[in-house]
Amino acid sequence: MSRAPRPRLPLRLRRPQPWAQQRPTWRDARPAVIADAVKAALARPSGNWFVLGAARDIAPGRAFGRTVAGIEVVAWRDAAGRLVAGPGACPHLGAPLALGPVHCGVLRCRWHGLALDGAPFAGWEPFPAHDDGLLAWVRLDGAGGELPLPQPVLPVRPRPAGTVAAVHTATGVCEPEDVVANRLDPWHGAWFHPYSFADLTVADSPAGGEPSEGLTVEVSFKVAGRAVVPVTARFTAPEPRTVVMHIVAGEGRGSVVESHATPLGPDDRGRPRTAVVEAIVATSRRPGFALARAAAPALRPLMRAAAARLWRDDMAYAERRWQLRSSGRLPD
Ligand code: FES
Ligand SMILES: [Fe+2]
């Protein structure tokens with residue numbers, strides 16, 4: 001009886017190396033290269049689409065509220081389960097619609113019972129909304145100021161049937177471009193996140209800063225102790241508020257991490273606030289991955305916890321960049 005060969009374990013054991021003895025990357029991480037990559041990303045069209053949140057957070061029977069680019073937005077599922085979104089203030093006397101209950105797809109205002117089924121009513125006009133299966137998007141033409149597109153610009157993702165997906169949201173005091181700049185500086189990975197990454201090299205960086213082909217990075221993900229998983233990852237910016245990392249070689253090839261930056265609006269001190277909605281879509285050709293898919297409800301919190309740890313640091317980077325930028329102290 002022949003047996004299928006066991007797939008080779010992707011883990012490597014790495015000789016421990018003190019943090020301070022790794023190769024400095026600051027000479028490669030040229031400020032002008034990062035700035036050009038950010039500029040090129042910001043020049044791409046978004047069609048005025050903004051990520052509102054995780055699609056599964058907008059569940060039937062409950063309204064979801066978020067201020068996007070200073071515009072109060074409410075979203076819910078209509079009777080057919082479709083995503084609907086619109087202004088978050090009731091057209092009657094301005095009550096917060098996100099606090100209203102939803103029954104059979106109808107959102108009812110708590111103050112005097114005005115009912116909305118997603119269609120224009122009593123001066124309330126819905127915003128275009130899009131559910132891509134993982135994320136909910138809203139189109140705000142007044143805030144975006146670009147030529148509207150019928151759908152958001154979406155990154156290439158693996159087929160949902162073979163994936164485990166999780167979404168993590170973090171917020172900070174900065175603008176979307178500070179989040180994009182953090183993600184377009186892959187050189188910080190092993191220095192700033194030594195708990196997650198090791199042996200990072202940027203294989204190629206575009207000469208003119210145009211990241212249409214992206215930045216390709218060789219990096220080892222730390223799993224536990226000395227065990228690492230080496231992969232090749234490519235960073236691209238398909239639109240001005242999104243940076244995507246595709247695993248292009250190694251374990252989990254085809255997996256995607258999408259970081260979407262959504263401007264929220266000013267805080268009580270007038271400083272800009274931004275949400276990062278990060279979608280992690282993991283896939284693997286490994287036979288055991290079917291088991292992992294079955295365990296997805298248990299895996300999602302772990303995936304979110306890993307993203308949360310990275311974003312605690314990355315948000316501090318983005319906030320620092322905004323502080324420097326807004327006071328004219330950002331090195332160039
Ligand atoms: S404020 Fe909503 S019905 Fe009056
Ligand atoms: Fe980072």
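Even glycines carry a Cβ here, placed using N, Cα and C.
Straight from TrEMBL, the features:
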COMPBIAS  1-15  compositional bias 'Basic residues'
REGION    1-25  region 'Disordered'
DOMAIN    50-138  domain 'Rieske'
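Within the domain 'Rieske' (50-138), the DSSP-based counts of helix, strand and coil residues read 6 helix, 43 strand, 40 coil. Per-residue pLDDT, averaged along the domain 'Rieske' (50-138), amounts to 98 for this model.
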